[in-house]
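Structure first, then comments.
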Amino acid sequence: MIPELGHLALILALCLALVQSSLPLVGAWRGDRQWMSLARPAAWGQFAFLAFAFGCLTWAFLRDDFSVAYVAGNSNSALPWYYKFSAVWGAHEGSLLLWALILGGWTFAVSIFSRQLPEVMLARVLAVMGMISTGFLLFLIITSNPFSRLLPQTPMDGNDLNPLLQDVGLIVHPPMLYMGYVGFSVAFAFAIAALLGGRLDAAWARWSRPWTLVAWAFLGIGIVLGSWWAYYELGWGGWWFWDPVENASFMPWLVGTALIHSLAVTEKRGVFKSWTVLLAIAAFSLSLLGTFLVRSGVLTSVHAFASDPERGVFILAFLLLVVGGSLTLFALRAPVVKSQVGFALWSRETLLLLNNLVLVVAASMILLGTLYPLLLDALSGAKLSVGPPYFNAMFLPLMAALMAALAVGVLVRWKDTPSRWLLGMLTPVLAASAVLAAAGSMYFGDFNWAVLAVFLLSAWVVLAGFRDFLDKTRHKGVLAGARSLTRSYWGMQLAHLGIAVCAIGIVLSSQYSAQRDLRMSPGDTVELGGYHFLFDGAKHHEGPNYTSDKGSIHVSRDGKEIATLHPEKRLYTVQSSMMTEAGIDAGFTRDLYVALGEPLENGAWAVRVHVKPFVRWIWFGGLLMGLGGALAALDRRYRVKVKTRVREALGLAGQGA
């Protein structure tokens with residue numbers, strides 16, 4: 001009975017999504033306040049029904065209701081309860097329900113926290129989000145019903161959750177990623193609402209920017225968590241492989257980065273209006289593209305769900321409808337938007353435009369490398385692999401250029417900057433950066449161009465931010481000046497610091513990582529990176545739904561024991577799947593990483609040993625960026641509720657459409 005109630009809740013949520021997407025939009029066109037007022041209760045009801053449906057599916061998993069096909073295919077009575085909970089979104093149907101729930105949550109949040117918006121603007125925004133919900137709920141109910149029953153024959157037990165997903169990473173990574181993916185629908189909805197209203201001015205940018213910052217922060221942290229999960233779970237010691245589905249999440253993040261900067265220019269200076277709308281459309285369209293790649297069956301990836309062609313066709317049609325419809329509306333409305341505001345070559349507007357171009361080119365390069373092999377295969381049947389050499393060769397120079405421009409962009413002023421003043425600001429920053437880069441490079445011994453470059457660029461970014469802070473607080477004192485600066489400013493500084501930290505981690509871990517693949521018997525030792533690894537053998541271990549051989553490796557340096565690592569080779573009994581669990585000793589400046597390979601004769605094992613310096617800085621930098629975005633979204637000016645002022649800015653007071 002509970003699964004049937006969940007299915008009914010999905011149908012009712014779809015009905016409310018249809019109401020939300022149509023009547024408020026018609027009301028905005030006709031100037032009918034009663035019809036526009038339906039947007040909020042429809043959004044609330046839709047979210048409530050989606051939450052109820054999600055609760056019903058969770059109940060089915062926790063109660064081992066194997067009469068539900070989705071539960072039988074992705075759970076087992078021996079599965080720990082916390083993995084049963086995360087299994088709710090561990091495969092196609094449940095992950096799509098989570099997507100719909102999060103979209104309903106974003107819609108609910110917009111309806112609650114945007115009361116200061118003019119009613120006509122809010123009605124359009126919620127209507128657009130209702131259209132997106134309608135598409136996903138139709139897809140969910142028609143092709144991917146998570147409540148389908150296996151009747152009259154119900155299995156005694158389930159097939160178990162994919163062993164690769166029986167990890168804490170599944171609990172946190174997909175929800176964070178989906179919060180970012182779906183969050184870009186808010187910026188998309190604001191952009192479409194502005195196009196429908198025919199007014200692309202600073203007001204829509206001001207109100208969509210905090211939502212975009214939060215979505216960008218969630219997506220960035222989700223990507224970081226996915227990288228961390230792959231690093232420790234897959235046993236190969238890497239943190240990024242340019243997998244097509246990794247790329248599918250990275251592309252909207254890059255375009256979203258361009259969007260939050262372009263929104264700032266539109267909000268403060270009233271320029272880049274059409275370009276900002278186009279970025280909002282692109283960011284959400286790339287999120288939908290990621291959904292298509294994961295669920296269409298066109299990819300073979302650890303991230304991809306097995307799927308039938310009907311699902312792929314449905315998502316592709318929805319993607320084309322969203323992209324085609326929004327671009328058509330953009331083509332009709334955007335040409336009439338003109339900006340009378342000018343700016344000089346050396347201005348913040350110019351540097352932010354350069355920022356946007358670099359980020360969009362980077363995303364386009366990744367899009368080309370991701371889709372070209374798929375298109376070639378579809379059109380000619382030829383197989384082509386585009387791997388890390390292509391992406392690294394194209395992406396890294398662009399990021400170096402971005403970091404070089406970033407420091408200048410922080411220091412230049414809006415509209416125009418005297419060149420003599422700018423030179424006086426940049427010269428000491430460049431000199432100090434060169435000194436720090438040389439010192440950092442010498443600390444690591446042998447000269448390395450990549451290391452020198454990353455230290456120079458990172459110091460350039462950090463010191464430019466510090467120089468800007470000193471300039472802004474010079475008349476108030478450091479402490480008083482720091483308190484007077486906005487959260488948006490501190491969020492920017494934190495995010496830029498995260499870029500520098502992440503860049504250092506990427507280069508140092510790639511340049512100085514050491515690895516050995518070898519055969520080790522009990523008592524064997526190996527020296528690597530100044531560390532001494534002693535293999536004590538492996539012992540049999542029984543888990544809740546698996547058996548394993550757990551190794552014991554003692555690590556010492558200069559005669560002092562540092563850690564004992566316990567890598568495992570697990571056999572999950574239900575699916576007879578063998579999995580590798582790495583043994584890791586994490587440190588601020590290095591990771592010691594050991595993975596077991598295959599068992600050999602006489603108690604010996606194939607063992608892979610890594611010493612990975614500064615690898616944690618990659619994820620620490622990513623977290624700093626995400627926290628910076630979240631802090632900027634909490635800026636006081638985004639919470640000021642002055643409804644009349646907003647109406648006047650939008651030019652919508654007293655208008656019906």
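Glycine is treated like the rest: Cβ placed from N, Cα and C.
Feature annotation from Swiss-Prot assigns transmembrane segment to 8-28 (among others); the stated evidence is sequence analysis. Same-chain neighbours of the transmembrane segment (8-28): 34-39, 42-43, 45-46, 49-50, 52-53, 56, 97, 100, 104, 107, 120, 123-124, 126-131, 133-134, 137-138, 140-141, 145, 147, 196, 656-657, counting only residues six or more beyond its ends whose CB sits under 8 Å from a CB of the stretch.
Positions annotated as transmembrane segment by Swiss-Prot, on the basis of sequence analysis: 42-62 (among others).
Outside the transmembrane segment (94-114), and at least 6 residues removed from its termini, the chain residues within Cβ reach (under 8 Å) are 10, 13, 20, 39-40, 43-44, 46-47, 50-51, 53-54, 57, 70, 74, 87-88, 122, 125-126, 129-130, 132-133, 136-137, 139-140, 144, 146, 174-175, 178-179, 181-183, 185-186, 189, 207, 211, 291, 295, 305. Look at Swiss-Prot and you will find 94-114 (among others) tagged as transmembrane segment.
The transmembrane segment feature in Swiss-Prot is assigned to 122-142 (among others).
As annotated by Swiss-Prot, transmembrane segment applies to 176-196 (among others), with the evidence given as sequence analysis.
Annotation source Swiss-Prot lists transmembrane segment at 211-231 (among others). Non-local neighbours of the transmembrane segment (211-231) in the same chain are 106, 110, 167, 169, 172-174, 176-184, 186-187, 190, 237-241, 246, 249-250, 252-253, 256-257, 259-260, 263, 280, 302, 491, 615, 618-619, 622-623, 625-630, 632-633; each lies 6+ residues outside the stretch with a CB under 8 Å from one of its CB atoms.
Here Swiss-Prot flags 245-265 (among others) as transmembrane segment, drawing on sequence analysis. Panel annotation: around the transmembrane segment (245-265), residues 177, 180-181, 184, 187, 205, 208-209, 212-213, 215-216, 219-220, 222-223, 226, 271-272, 275-276, 279-280, 282-284, 286-287, 289-290, 293-294, 299, 301, 303-304, 348-349, 352-353, 355-356, 359-360, 362-363, 366-367, 369-370, 629 of the same chain, lying at least six beyond its termini, place a Cβ under 8 Å from a Cβ of the stretch.
Residues or ranges marked as transmembrane segment by Swiss-Prot on the basis of sequence analysis: 274-294 (among others).
What Swiss-Prot records for 356-376 (among others) is transmembrane segment.
The transmembrane segment annotation in Swiss-Prot covers 391-411 (among others).
Within the chain, the transmembrane segment (488-508) has long-range Cβ neighbours (under 8 A, six or more residues past its boundaries) at 213, 399, 403, 406, 410, 444, 450-451, 453-455, 457-459, 461-462, 465, 469, 472, 613-635, 637. Here Swiss-Prot flags 488-508 (among others) as transmembrane segment, drawing on sequence analysis.
Per Swiss-Prot, the feature transmembrane segment maps to 614-634 (among others); the stated evidence is sequence analysis.
With a cut-off of 8 Å between Cβ atoms, the residues of this chain six or more beyond the transmembrane segment (614-634) that come close are 210-211, 213-214, 216-218, 220-221, 223-224, 227-228, 231, 239, 260, 487-488, 490-506, 508-509, 512-513, 586-591.
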